[in-house]
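Per Swiss-Prot, these features apply:
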- 435, 501, 504: [4Fe-4S] cluster binding site (BINDING)
């Protein structure tokens, strides 16, 4: 009997006197042909298929198809990918654990074994999304924000602690430790994984999926990983492979070096703009070129982090000497570092100088051409050169709904006994935040050095600026303190407020009352400047209409200037004690100064801070839970509720019903984000979710955020399409989650309309433009629509994760034909929609959509089914991916 490719490729290597078995790509190449120039990222996928070859989910044909990608730099084949582990954060992790607990209830009800609902691969959940910047600008901010976080989220944390003991291979990193992607980069990521199987040590690439779109950051370490929706991650941890098409790979060649005064943030904003323009949705991006020789790993991680912003599945940096240097610096063992080097070289995954893999397409950037930049005011791909920021701000201001920019005069306000004037264009939030940049010592040290020079000259933060520092790990605090820069940041109001995502995800906290009142009084257009990765409308703060991504030193600079209308490249940032003008160039640190400061970062800092990473504070340790396999649901809970998704589920799926007489619930434009669909930030008292909470006895001060209440479907379905900046074209001139209920045309909230349609047994549809579902990976942007009764979303194009999430919740994604849009069709939202023959649906097929207009006339539009693979079709036919997983467990 002939051996399989898997068996024939098994080999051994030695690292630190230890023998490891592995599945050798060079040995497999004897059957597959020359794969030397296969992109390194695809070599990781190839090893995955080789190792998991079973003749069923992974066949020899699958392996040959991936190796054969080289012929056309493209392959039309579905493959089953099994990541080594799963990463979660608490906003997506809580609903995932709710789903797992609900799945146990469903399996129990249907007569199955609840023990089968258990992760088969390691899962790390890092609590980082819950801390809010309530207090800022003083030495007590950190302790107060931590206290409030524990107070508000106690029930959620009890639930996560229950999950930790109820599920195997499930670890929780407690609050106040850091941001999941930075913890992953600095500690959890291994680059090469090893485990004992049948008495042999097996080595294989570290790979993962995560329930956060910025999971891609780990690609900077040479670890292949990307974000998926919570439902897909749950399926993966329960042993279900990730179904995917073999991706195209775009090569991005980096040459040269960054000039003096240019940061990694400027570089990533440039890369993001270039790749968004090139078009990389659903594709891998792999970086190569001699520019990588001098590109620090922290800079690579910054670029990899923003893969969702440029639209790629991942932005991959192959393993090389820079990778090993970072692993040593961050405290990985020498045994692990040697294994990574020997494995990567043995497998052809090591980056050598001059490597030129074959790519589907390529771009090139000479880093010497990168200029100081921000991105804004509403999209991360909209890069603006520093001198052009005032012009970009003015242009966005003119476009605001109901804008009366020319009439907006500065507003007088009193704070702390002093009178000030708040101008239009004021910077009201300046936040050093987000793993994108706080994982990078060079830009953090640059911010501290700029603060030192500013304080020395007597510059002060403008009084209306809410400043904050929220690093992604405690190591940052250690090295800023070692470099003696913390006092200067504190002096300018950049006191430590927490170790978590904070402002970047919308947890910026309230502005001081006088500031909020002044903004509302004259409808001022104000700005937030943050070192984050997202700046979508309504995300950072409900009253802040323009949000700008910038490097940490520029964040400090804008806190000093206090106004988006100032040209920091040519106008004074302030005045020194003598009254002389001070320019940005006067306080910008030199490359040498930054390099000297970065030398303070040491291996001991990483080892000290990660020695007890799973332990937590005394408050966390004090949370006691009762051991049990199933959760004790509390009927009066407003945080954790048994989700209804499996309530009516049977052991055998019913045939998919055709869609008859569907009404359009919302008609939306381009770049509608998952923030628009399912906001993460504050809950308005007069919103459907706010009214629900008040009806359950929750006071306004205890609302917390939508993100923190994702374990309660009642809140989340009411929060669907509730973003205050969403614009439904069915109600022109109105911002917020409103629509028209038809045929009576009553203008009501989207939630209220959906509930009326549900009573009338009317299925629902959403119509949209390009890039529907861009942004965060949040599965509630698919779960919420499902609970509202939405059966189909018809858009010009979809972002990758959201398309997958819709299918995972049993919602049909359809794409208009090329050149056809809601506008060319003249849609008003009053049309009815019919879609038939859904039982015979096929991946990628043309689906006739019948539109019946208000006057009774009809038009058939041939849309493209965006169920892309046979596996996805199976999920859809089962009413969702988790239903499919449960039914498999019952067999």
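Positions of Cβ are set from backbone N, Cα and C atoms, glycine also.
Shown in sequence order, 128, 179, 181, 214, 433, 434, 436, 438, 470, 472, 500, 502, 505, 532, 533 are the same-chain residues outside 435, 501, 504 whose Cβ sits within 8 Å of the Cβ centre of the [4Fe-4S] cluster site. Non-local contacts of residue 435 ([4Fe-4S] cluster binding site) by the CB criterion (under 8 A, 6+ apart in sequence, same chain) comprise 179, 180, 181, 182, 185, 214, 217, 305, 472, 501.
The Cβ of residue 504 ([4Fe-4S] cluster binding site) has 431, 433, 434, 436, 530, 532, 533, 534 as same-chain neighbours under 8 Å, each 6 or more residues away in sequence. Its Cβ placed at the centre, residue 501 ([4Fe-4S] cluster binding site) has 31 other Cβ atoms within 10 Å.
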